[in-house]
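Q: Look at TrEMBL and you will find A:6-30, A:42-59, A:71-92, A:104-125, A:145-175, A:204-223, A:229-248, A:255-274, A:280-299 tagged as transmembrane segment.
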Amino acid sequence: MSLQEFWDYLVLGVMLGSLYAVIAIGYTLVYGVLQLINFAHSEVFMLGAYGSLIVLQLVNPGDNPTALASIGFVALAMAGSALFGGVTAYGLEKVAYRPLRRRGAPRLIFLITAIGASFFLYNLAGKLFGRDPLPLPEMYQNREIFSIFGAGVNITQMLQFATAVVMMIALDLLVNRTKLGKGIRAVAQDAEVAGLMGVNIDKVISRTFIVGGVLGGVAGFLFANLNQVSYTMGFIPGITAFAAAVVGGIGNIRGAMFGGILIGIVETMTVPLLGDEWRAVSAMVVLILVLMFRPMGILGERVGRAA
Amino acid sequence: MLNKTIVKLAIPLAVGALALTGCGSDSGSDGAVKIAFQGPLSGDNVALGENMQNGVKLAIQQANAKGDLDFELEYVAGDDQGLPDKATAAAQKIIDDEGVVAVVGPAFSGPTNTSSPLYAESGLVTVSPSATNPLLTDKENGFTSFLRGVPNDNMQGAGMATYYAKKLQAKKVYLIDDKTDYGVGLATVAEKGLKDAGIEVVKKSVPQKTPDYSATAKDVVNSKADALIYAGYYQDLAPFAKKLKDAGYKGAGISGDGSNDAKFVELAGDASENWFLTCPCTDATVEAGTKKFAEDYQKEFGRAPGTYSAEAYDITNMIIEEVKKSGADVEREALRDALAKASYKGLTKTFEFGENGEFKGTDVYLYQVKGGKIGYQGNINELAG
């Protein structure tokens, strides 16, 4: 691999990794406050993509929109995906997890419920929106805008990366600087004591789900913008992002960002070095190695303590 | 507390399950002669399955409407989602329906491979309009009920190789399979053809449902290949084609009948422009012999016939023709033997089967995406010159 190729793949890896990071945050946030692995998060991601598709079909960008209109369409699509993602995550918490929490069900039941909810949602989406993959209408003319170390970056990639970074910074600020963030951290550290101190645990938990859902939904839109929308699109990125969250240290937000980008780079670098067949293998090798030598993950601490 | 809840839930569930199995098993024959179709009617490549299903339905409808049959024909759907592991259940459902005398399909090579032993055992004949993996008619498999109504991938792969070597004079070809039975089979033949023609080949496997094709696209560009062959289905080719465009790939691209569907163009948009697609199928809307069929199809389903629609229609008519000879109480084995020996001139081509049910005939056709439409070019060997 030449130096130029190295930069090419590194840039691609960071782009893909930033998306994994945003999805991984959804897993980590929920794990942080509930110690629950929300396997239905991949469906939040998928439904987010459908949200943007529905909005775009309503407004219909048509051919060759002006630059200003393009920005508007992207913003609308993003809002649609955020809304769908947030509502789905909120609904999940309300319907699937809250009743279990009320009854003090053991962890295992939560996990099975999550998997069941995931199956239910993706089959429901297949039923509602059809089993055929659908293209996202084109919102702008994709072209190369600049290059980093000779590696070209086009509008789609820039949009993907910039959105991911903005969302991650916003989330970091939210968790560390706001009252809701303080609540999230308090519940993560010790839900019972937080409750005694006057934190409304239910409210904090459902808002945490909404925040994770909004991020996941927008990631779904960005992903669909790269490829296409389909009801099965959530599974593979979902599992990969979950692995990324564990690599970074599940429950730790910065860990999820770090893990996501790491997994993205490893997967992408595998393609020229070993071939496409190995990309999923290499991501899981990273996971296994991390778990062998540092079972709590690379940055391994929970939301409550990391900040 | 939890245990009680489980018990409370488990009892009605168990009762319900028993009740379901009770009424599921006695669907037996009700006098009608049924023709089944097995293929993807849900799942990722549903468009390819629906193309064929509509062809089968149209043939049955027209035969019933004609009124010269002394029995009623009925259609039975077998959905295998195009997946090998779902195919045995779909096949079993069809086999258990005693009214079914013949099956059009299975549509894809992988599902054919897993469901054919079941059909062989039950003596129910399957005539596939589209499963092209060469190994399916291998004697060692013992698929005694499988007939192929289409030239296999040896022809298609060889056609791609010839076209690249002679017409485009490619120097280096990047060859990708999608790790399915279909993709690997097609790629292997194409590789052999290209190497025989002295072309350098970079062969890679990219599994289906890869979440992001950017890195692969970059790899294609970096390899300096001037042509690309993708052996797989449209669902994966579409995002890949987009990424190739983004990565600045300027060379030629060719894919097989798994991508030859309007869906490919719809999903990939501009990025599909100039892609070559091969298919052992003709374009029903262009060929003179199928014009009438294309009109009927358009009227019935509100869209133009797609890949293999006309072939599925022909095969269904061929089956109906054979059933007519022996009447409504036709036996499965007898029909299988009759079809294996039959020669039927359909709208698209003449259906005749050689040893092990292999199709006699070798024609492969070339298409190219132009102006957002899949344009019919003609017989690939004639075009390559």
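Heads up, the Cβ atoms here are built off N, Cα and C, so glycines get one too.
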Q: Counting only pairs at least 6 apart in sequence, do the transmembrane segment (A:145-175) and the transmembrane segment (A:42-59) share 3+ Cβ pairs under 8 Å?
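A: Judged by the Cβ rule, the two regions do not touch, with the required three close pairs absent.
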Q: May I ask you to check whether the transmembrane segment (A:42-59) and the transmembrane segment (A:255-274) make contact, with contact taken as at least three Cβ pairs under 8 Å and only pairs 6 or more apart in sequence counted?
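A: No, the transmembrane segment (A:42-59) and the transmembrane segment (A:255-274) are not in contact.
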Q: Can you work out which residues elsewhere in the same chain, 6+ from the ends of the transmembrane segment (A:229-248), have a Cβ less than 8 Å from its Cβ atoms?
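A: Non-local partners: 17, 19-21, 23-28, 31, 37, 39, 41-46, 49-50, 53, 118, 122-123, 125-126, 129, 131-136, 220, 223, 254-260, 262-264, 267, 280, 283-284, 286-287, 290-291, 297-299.
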Q: Would the transmembrane segment (A:6-30) count as touching the transmembrane segment (A:255-274), i.e. at least 3 C-beta pairs under 8 angstroms with sequence separation of 6+?
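A: Since 3 or more Cβ pairs under 8 Å link them, the transmembrane segment (A:255-274) and the transmembrane segment (A:6-30) do come into contact.
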Q: Grab the same-chain neighbours of the transmembrane segment (A:71-92) for me: Cβ-Cβ under 8 Å, and only residues 6 or more beyond its ends, written as numbers and ranges.
A: 26, 38, 40-41, 43-45, 47-52, 54-56, 59, 61, 65, 117, 121, 136, 139-140, 159, 163, 206, 209-218, 220-221, 225
